[in-house]
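What TrEMBL annotates here:
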ACT_SITE  GLU75  active site, proton donor
BINDING   ASN62, GLN63, GLU64, ASN65, ALA66, SER67, TYR68  substrate binding site
BINDING   CYS73, CYS112, CYS115  Zn(2+) binding site
DOMAIN    21-158  domain 'CMP/dCMP-type deaminase'
Amino acid sequence: MKEVNIATKIYVFENLNALPKDVVKLMEKAAEARKKAYAPYSQFLVGTALLLDNGEVITGSNQENASYPSGLCAERTAIYYAGAQYPNAKVLKMAIIAGSQNKITTAPIPPCGACRQTIAEYEIKQETPIEIYFMGEQGKVVKSNSLQNLLPLVFDKSVL
Ligand code: THU
């Protein structure tokens, strides 16, 4: 038996204004989309914005359901829409902003496991990395240069 250490890398920005201007704009679009979240059960609102290589910006928010598992996260709402509308476009950047309606969320909120698996699928399909930025309602912003950094040991088509 040998121990294997897996290293990953992320970058932490002190606040939104420390980011490049184009990413600030993308995060602002994610914040706008967050206002359209339908989250009556969790009161946890998430917005996301994707920049595609054709210049389009696709936004999404979480959409909940009385049958809880039928709801969908913001990230998957947006990336599935992008895949459905622009199947040949590549996703260059993804901005995510999330927080509770009941308190101020200052911790950066990473995409959930199911969303990471979904983003991985599209990153592998397009053969180029997706830059991912995520934050709470305010405060620090985390950047990952690729979904790979957020999901080591990914399950992908190579094993099928
Ligand atoms: N949610 C997202 O939209 N994205 C994530 O990555 C994590 C969770 C949503 C799902 C649900 O509507 C609410 O946040 C609470 O889990």
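Start at 1 and count along the chain as shown; that gives each residue its number.
Every residue gets a Cβ built from N, Cα and C, even glycine.
Since this is a predicted model, take the numbers as computed values, not measurements.
Projection of TrEMBL feature records onto the structure.
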| residue | record | Cβ within 10 Å |
| --- | --- | --- |
| ASN62 | substrate binding site | 24 |
| GLN63 | substrate binding site | 17 |
| GLU64 | substrate binding site | 18 |
| ASN65 | substrate binding site | 12 |
| ALA66 | substrate binding site | 8 |
| SER67 | substrate binding site | 7 |
| TYR68 | substrate binding site | 9 |
| GLU75 | active site, proton donor | 27 |
| CYS112 | Zn(2+) binding site | 13 |
| CYS115 | Zn(2+) binding site | 25 |
Shell of the substrate site beyond ASN62, GLN63, GLU64, ASN65, ALA66, SER67, TYR68, same chain only (C-beta within 8 angstroms of their C-beta centre): TYR38, TYR41, PRO69, SER70, GLY71, LEU72
Listed binding-site residues with Cβ under 6 Å from ligand 1, out of ASN62, GLU64, SER67, CYS112, CYS115: ASN62, GLU64, CYS112, CYS115
Rounded Cα-Cα span from CYS112 (Zn(2+) binding site) to GLU75 (active site, proton donor), Å: 9
Three-state secondary structure, which DSSP defines for CYS73 (Zn(2+) binding site): coil
For the Zn(2+) site built from CYS73, CYS112, CYS115, further residues of that chain with CB within 8 A of the site's CB center: ALA74, GLU75, ARG76, PRO111, GLY113, ALA114, ARG116, THR118
Cβ atoms near CYS73 (Zn(2+) binding site) (within 10 Å, other residues, all chains): 22
Which binding-site residues sit within 10 Å of CYS73 (Zn(2+) binding site) - Cα, from GLN63, GLU64, ASN65, ALA66, SER67: GLN63, GLU64
Alpha-carbon spacing, ALA66 (substrate binding site) to CYS112 (Zn(2+) binding site), which is rounded to whole Å: 20
Alpha-carbon spacing, CYS112 (Zn(2+) binding site) to SER67 (substrate binding site), which is rounded to whole Å: 19
Inter-residue C-alpha distance, SER67 (substrate binding site) and CYS115 (Zn(2+) binding site) (nearest angstrom): 19
Helix, strand or coil at TYR68 (substrate binding site) [DSSP, three-state]: helix
Average pLDDT across the domain 'CMP/dCMP-type deaminase' (21-158), rounded to a whole number: 98
CYS115 (Zn(2+) binding site) and ASN65 (substrate binding site), Cα-Cα, nearest whole angstrom: 18
